[in-house]
Each structure stands twice: as C-alpha cells, then as structure tokens.
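Per TrEMBL, these features apply:
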type	residues	note
TRANSMEM	B:12-35	transmembrane segment
DOMAIN	B:66-277	domain 'ABC transmembrane type-1'
TRANSMEM	B:70-92	transmembrane segment
TRANSMEM	B:104-124	transmembrane segment
TRANSMEM	B:151-174	transmembrane segment
TRANSMEM	B:261-281	transmembrane segment
Amino acid sequence: MITKTIKRSQFNPLVVRSSKKEKPRSKSKWAIEFMAILMTIFIFGIPFYFVIINAVKDATESASLNMAWPASFHIIDNINAVFQAQNGMIMRAFYNSIMITLLSIFLLIIMGSMAGYVLQRKKSKLSPLFNFLILAGLIIPPAIVPTIWVLNSIGLFKTMPGIVLVEVALHLPFTVLLYKGFMATIPKEIEEAAIIDGCTKSKLFFHIIFPLLKPVSSTVIVLTAVAVYNDFVNPLYFFPGSENATLQLTLYNFTSMYKTEWNLLFTNILLISIPPLILFIFFNKKIISGMTSGSIK
Amino acid sequence: MTSSLSKRYTYYFLLPAGIVYLVFFIFPTVMSLFFSMTWWSLTDWKFIGFDNFKTFLTEDSLNVGFKNTIIYAVVTCGLKVVLGLLLGVFLCTKLKSVGFIRSMVFFPTLLSTIAVGIAFTMMMHPSQGLFNVTLKAMGIIGPDWLGDTKIALLSVALVDVWKGVGIATVIYIAGIMSIPNDYYEALMIDGGNSFHKFWNIILPLSKPAMNSVIILSFIGGLRTFDLIWAMTKGGPGFSTDLIASIIYKQYQGGFYGLSTAGNVILFIVVSALAFPLYAYLNRKEVDL
C-alpha cells in the first residue's frame with residue numbers, strides 16, 4: 001500500500017477546450033447552477049441554521065424546536081449558563097480535550113515520522129510483516145476491554161497519559177502511512193551527502209530529513225486535531241470519571257429524562273464546533289489534500 | 001556505497017512507535033482472543049470455552065447486531081459511493097459556485113459526530129421536529145423517523161451519509177482531477193458527448209478513487225458506534241443495535257467476557273469482509 005500525493009492538474013479536466021467555450025453561458029446552465037446552490041443550502045445549510053437560531057433563543061422559545069426568527073436574543077446568557085453548568089465542567093473539558101489533542105499530535109509526529117522514514121528506506125525480510133501490521137491497524141477495530149485491562153495493569157486507566165497513548169496507538173498506522181508515502185519523494189542523494197560529511201544516524205534524521213517532512217507533518221497536525229478533538233468513543237471507554245470529561249461529553253449536560261434545555265444544548269454544540277470551524281477556515285486545502293492523499297494509491 | 005546503504009537506517013527508529021502500537025493495540029487485540037473465552041471481572045477470570053460466543057449467536061438481543069451492522073454498512077457505503085461520485089463529477093465542472101458548494105458539503109465531516117447526531121435527533125422528532133413540520137406543511141404526515149423500528153436504522157444511516165459524503169466527494173474530486181487532459185482531447189476528436197465523457201473516461205479512470213471510497217466507508221460503517229449512540233442508543237427495542245453498540249452495552253453491564261467476545265466477533269466480521277474486498281478491488285486495479 002503505497003501512498004502517493006495526487007498531482008493536481010492545472011487545467012480543469014471536465015471542460016474540453018474548444019471554441020464552444022467562448023459562447024455565452026446558456027440559460028439552462030444558470031438554471032442548473034441555481035438549483036445546485038438551492039439544494040446545497042436546503043440540505044447542508046438548514047441544519048446549521050437550525051442549530052444557530054435555536055442557540056440564541058431563550059428556554060421557552062427554543063422548546064418548540066422551530067426555525068422561526070427569535071423574538072429576543074439570549075446568546076450571551078446562554079453562553080454564561082453553559083459555562084456555569086455542572087460547576088464549570090466545560091472549562092475542565094476544554095482543558096482535557098485540548099491537552100489530549102496536543103499531546104497526541106506531538107507524539108504522533110515524532111513516532112510516526114521516525115517509523116515512516118525507516119520503513120520506507122530500509123527493505124528487509126521484515127518489511128512485509130510491518131506492512132501487514134499497518135494494514136491491520138487500519139482495518140481491525142480496537143479490542144476495548146482488553147485495552148482497559150492493559151491500562152489498568154500499568155496504572156494508566158482514567159489518566160491523561162493513558163488516553164493519549166491509546167489515541168496515538170490507534171492513529172499511528174495512518175500517520176506512518178502518510179510519512180512513508182512522502183519519504184518516497186525525498187531523494188536519497190541528500191542523505192549520501194550528509195553521510196559523507198560525517199553525520200550520525202540520528203542527526204541525519206532530526207536535522208536533515210525531519211525538516212523536509214514539514215508538509216506531511218502539517219497534514220498530520222490538522223487531521224489528528226480533527227480526529228482526536230472530535231473523538232467520543234475512546235474517552236468514553238478509556239477516560240471515564242467526572243474529572244475527566246472531554247468536550248464531546250459536555251453535550252450530555254443538558255439532556256435528562258425529564259427536561260432538556262434545548263437552547264443551552266445548541267449553544268454547547270456551537271461552542272465546541274468553533275475549533276473545527278477555525279481549522280476549516282485556515283487549513284481547508286490542507287485537510288482535504290491530507291484526507292485524499294492517504295487514500296488514493 | 002551499496003553495503004552502507006541499508007546500514008544507514010536502523011530499526012531502532014521503530015522502537016517508540018512499535019512499543020506504543022504493540023502495547024496498546026496489538027497486545028490487547030491478541031489477548032481479546034483469550035479473554036473472549038472467559039468469564040472475566042478484570043481482576044479475575046474463569047475459562048468457559050465458547051459459551052460467550054454461543055450466547056452472542058443465540059440470544060436475540062445480541063445477534064440482531066449482525067444483520068443491523070451489515071445493513072448499516074451496505075446502505076451508508078452504497079449511498080456515499082453513488083452520491084459522492086455524482087457530487088464529485090458535478091463539482092469538477094466550471095460553475096461559479098463550486099467552491100461554495102464544496103465547502104458546504106465538506107464541512108460536516110469536521111464536526112463532532114455526537115453534535116450532529118443530537119441536532120438531527122431534534123430535527124427528526126415525530127411531532128415537533130423540523131422534518132415532520134415541513135412535511136406537514138406540504139400535507140404529508142411524516143414517519144416517526146427514529147421511533148419506528150422499521151426505519152430507525154435507515155434514518156441514522158441517512159445522517160451518517162449527510163455527515164460523511166464530503167470525504168467521499170473530495171476523494172472523487174482528487175481522482176477526477178488526476179485524469180490527464182489527453183483523454184478528453186481524444187474524445188473530442190472522436191466526437192464524444194458529455195455522457196461518453198462520464199461513462200468512458202471519468203468512471204473507469206476514477207476507479208482507484210472509487211475503491212478507496214468503498215473500502216473507507218464500508219469499514220467505517222461496520223465499526224460505527226458514536227452516531228448510533230448519540231441518536232437512538234440502539235433503540236427502539238434493539239432495532240438499531242450494531243455490534244459496536246452491543247459491545248458497549250455489555251461492557252456497561254459488567255459482562256467483560258461477553259463484551260470481549262463481541263469485540264472478537266466484530267473483528268472477524270470486519271476482517272472477513274474487508275480483507276477480501278481490499279484484495280479484490282486491488283486486483284481489479286492492476287487489470288486496468
């Protein structure tokens with residue numbers, strides 16, 4: 001399984017260059033475009049509008065769950081209420097989520113780049129085994145209770161290092177694959193020159209190769225950030241306890257069997273969607289190219 | 001120089017990644033084969049052979065997971081493959097709004113599954129929800145999306161497609177963009193129309209992209225847990241229970257051996273379907 005970054009063509013392949021291009025756009029084309037925009041707004045826009053509009057309403061108004069324009073705006077009150085719920089659980093959750101994400105990214109970059117580098121360069125009888133292990137990691141679902149048992153035995157269950165190491169282990173195969181794929185594009189002559197100059201193995205990697213891997217590293221950063229930040233399942237299993245809440249779990253603060261405070265729930269959804277939104281605005285292209293480069297051979 | 005070539009790289013570099021991967025992934029996976037055959041309380045275990053598997057296969061509340069998991073994976077995967085292709089082809093045209101539509105389609109993939117699940121659960125409320133209120137305005141009585149055992153699983157699958165079709169679309173776009181222009185020029189000389197362009201060029205040449213979409217979304221579908229948990233928690237009854245949600249329920253109930261047996265079963269189901277599918281799709285690719 002060799003990954004290869006896709007060469008993006010400069011031209012648009014769906015438009016055949018011909019004299020037809022100079023003709024003014026026909027009415028039917030405008031109609032198609034109009035319909036497309038309308039459908040996009042209908043299918044993808046309305047859910048966002050629904051969440052946002054209900055986040056600014058007060059409790060009674062949002063209880064009817066409709067799309068009507070709010071009679072009055074309560075977004076500041078709602079944000080305050082969300083921050084105060086459960087003794088400020090969301091602050092704790094922000095801290096936990098962000099720490100888990102940052103630590104996972106850091107470890108994945110170091111470990112993944114070292115492994116990807118050696119696996120791409122060194123070919124031996126063991127290579128097929130390593131390739132199989134990477135593929136297995138991409139396909140096999142993690143064994144839940146045995147992992148808890150391992151964490152418990154070494155005293156890391158319900159701890160930050162524990163959840164971080166699990167996240168790292170589960171995201172390593174894809175990360176190594178990305179680094180391995182990119183290493184194939186770096187010429188070996190660079191290393192030969194460094195060796196002649198008397199560079200040691202670790203210096204060669206950390207001072208010469210690692211900086212060249214920057215494009216993949218930034219891909220790993222954004223992809224891991226999205227995946228780990230949004231992860232619900234692993235913290236649920238491996239990081240339980242009220243002190244250990246992550247942001248995804250704060251969503252359950254406002255639903256109970258008897259009463260659900262919709263406006264606060266929607267405000268909470270909005271608040272925790274802000275980091276992905278920021279990532280999306282600044283790294284849109286990086287995220288898309290990362291997601292596609294790992295999957296197309 | 002050749003002798004120093006392989007010496008230049010050392011497998012010591014694999015150690016940090018290897019240790020973490022072995023301890024927190026490979027070892028638990030291997031141990032799950034053993035613990036699935038035990039009565040287990042984390043500190044104490046008793047070997048009971050295949051009893052857990054028997055329970056899993058015979059009890060109705062547990063084996064419903066197989067059927068549901070396969071249905072869920074096939075429906076989500078199929079819709080993502082088809083809709084992703086259509087969207088991908090459409091978004092490779094030179095319309096002015098392509099950037100806007102692409103962003104709108106892709107953005108949900110970055111959101112939290114739980115948040116999306118909760119928001120859609122509200123919109124699928126049988127009487128107050130947005131879906132049925134809109135349908136009512138049009139004079140149609142909408143179904144109870146998540147409360148009707150016949151359609152609840154499909155409702156969740158639709159939300160999964162809403163959230164995940166963006167990844168399929170960008171993979172297709174990348175595949176279509178990498179088709180060399182020569183093909184279109186050749187087609188133009190031969191006088192082909194846009195249907196020929198789609199059928200004879202885009203479809204066969206975006207096959208690697210399609211294979212990735214199939215594999216990714218199929219495995220993703222088989223392993224789904226969070227969306228089901230956010231929307232129905234397996235209900236009503238057990239009509240939307242997937243293997244992954246049953247694993248969690250057994251874990252919550254303290255049946256660790258049974259939960260691990262569920263894990264092994266999921267592992268077998270995923271491997272039995274995904275590895276052959278992967279091999280089959282790759283073999284086809286070589287033929288191209």
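Using the three backbone atoms N, Cα and C, a Cβ is placed for every residue, glycine included.
Most Cβ pairs under 8 A with the transmembrane segment (B:70-92) among the ranges B:104-124, B:151-174, B:261-281 are made by B:151-174. Tertiary proximity for the transmembrane segment (B:104-124) is limited to same-chain residues at least six positions away from its ends with a CB under 8 Å from its CB atoms, namely 87, 91, 130-132, 145-146, 155, 159, 162-167, 169-170, 226-227, 229-231. Within the chain, the transmembrane segment (B:151-174) has long-range Cβ neighbours (under 8 A, six or more residues past its boundaries) at 68, 71-72, 75-76, 79-81, 83-85, 87-89, 91-92, 102, 105-109, 111, 113, 116-117, 120, 124, 143, 145, 206, 209-210, 212-213, 216-217, 220-221, 224, 227-228, 231-232, 235-236, 239-240. Same-chain neighbours of the transmembrane segment (B:12-35): 45, 256-257, 260, 263-264, 267, counting only residues six or more beyond its ends whose CB sits under 8 Å from a CB of the stretch.
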